[in-house]
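Below: the structure, in structure tokens.
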Amino acid sequence: MSIIHNNIKIRLIEIFLSSTIGNMIFPFMSIYISGHLNPKLVSVLLITNVILGIAASLLGGYIGDRFGRKRLIAAAEGVRCIAFGVMAVWNSPDLTIPEVTLGMLVIHAVCSGMVGPANQAMLIDVSTPEQRKGIYSMVYWINNLSIAIGSLIGAFMFREYLFELLLALVITSFIIWLLIVVLIQDPYKPPVEQQGTAGRHLRLMLSSYKDVFADRTFILFVVSTALVLSMEFHLSHYIGMRLAGEMPEQRLLWWNIRGIEMTGILRTENTILVVTLALFAAQTLRRRNERTILWLSWIVFVGSYAVISYTTQAWLLVLMMVVASLAEVVRVPIEQSYFASLPPEHARSSYLAVSSLKHNLTLLICSVTVFISTYVPDFVTTLLITLTGTAGIVMFMRIMPAFDQRPAAGYTSSQ
């Protein structure tokens with residue numbers, strides 16, 4: 001890989017720091033809140049966070065394109081740091097007010113939604129098309145490594161050391177804010193200084209997203225990748241629930257395990273394999289036929305998760321997760337590299353904001369699948385899951401010729 005821009009180096013550091021400490025805390029927050037508040041209120045919070053995250057992402061995409069990426073990212077990170085500080089104060093050893101924690105989590109969700117598109121757009125702004133597959137491999141590897149480290153530490157420390165973890169989160173957030181303010185450069189310059197009433201900006205925002213949704217190739221790409229990605233998300237929804245309810249106790253090496261333990265083993269196995277193999281995949285796939293590799297990896301990925309969604313045999317589950325993880329490691333960098341060629345520079349944040357909605361679509365697919373599974377046999381549910389992933393593959397194959405007609409997203413600044 002050629003020399004990469006300083007923004008990308010700083011972004012990689014920020015991803016590792018924020019994701020590591022974040023995974024020590026946020027995956028366990030729903031358990032914490034449900035222990036202090038009514039479970040119905042917790043479910044409302046989760047739905048509210050999704051809705052606010054969608055709105056914030058769309059708003060952040062518009063602001064990033066109209067006013068610049070760095071200004072938005074710095075402001076949101078500053079607000080998030082303050083929210084973490086408030087959260088730490090109200091979870092000190094002598095004072096615990098879960099309602100305040102609840103409010104700060106909402107602020108965190110809004111800030112995260114707003115900065116996501118701008119962060120992704122800035123990465124594309126300062127990279128060449130040739131660099132992006134390697135960069136996305138590094139981002140993917142760092143994300144998974146931080147998830148593995150953070151989740152493991154959080155599992156042992158969250159219950160007894162929440163205050164200390166929150167203090168570490170505040171310090172980390174402040175360091176990230178300093179890195180952004182002092183070291184990050186914003187190569188993207190909005191066309192003109194934006195002024196006007198709130199109503200005018202609302203009309204402009206709706207107009208900008210109208211153009212995004214009119215881009216058929218882009219929208220079909222987002223939908224197709226969401227359909228395939230839903231295969232993996234089922235592990236935390238239908239597959240995990242089915243294993244917990246139906247898997248009999250089995251011997252796996254030296255341990256007797258049941259469904260809940262099996263789900264945890266599969267998640268850990270996937271993370272370790274991705275962390276181990278992701279960087280090697282980028283080198284191995286260089287100068288290969290990316291289009292063919294992507295199709296094959298999607299087919300293997302969907303097929304592996306189809307088996308995982310049906311069987312309860314421990315060793316077969318472990319084997320299929322190995323195969324699925326290998327396909328995932330191959331698939332993701334190429335998929336992201338194709339995606340990076342789609343957003344035009346002047347509307348990059350808006351495009352990325354719409355792209356981030358694929359995770360919400362994926363969660364919706366998983367929720368509907370769980371609902372349907374209560375009325376049909378397991379085989380029918382597995383067939384539905386498989387057809388969903390297959391539909392994503394077919395949809396992507398149909399839009400593939402359109403990629404040849406679009407210029408690659410260029411490099412907008414010097415290194």
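Note that Cβ sites are derived from N, Cα and C of the backbone, with glycine treated the same way.
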Could you check which of 12-35, 348-371 is flagged in TrEMBL as transmembrane segment?
12-35
With a Cβ cut-off under 8 Å, give me the same-chain residues at least six positions beyond the ends of the transmembrane segment (138-159) that come close to it.
11-12, 15-16, 19-25, 27-28, 32, 123, 165, 268, 271-272, 274-275, 278-279, 282, 332-333, 336
Is the transmembrane segment (259-280) packed against any residues at least 6 beyond its ends, judged by a Cβ distance under 8 Å, and which are they?
137-138, 140-141, 144-145, 147-148, 235-236, 239-240, 242-247, 252, 308, 312, 314, 317-318, 321-322, 324-326, 328-329, 332-333
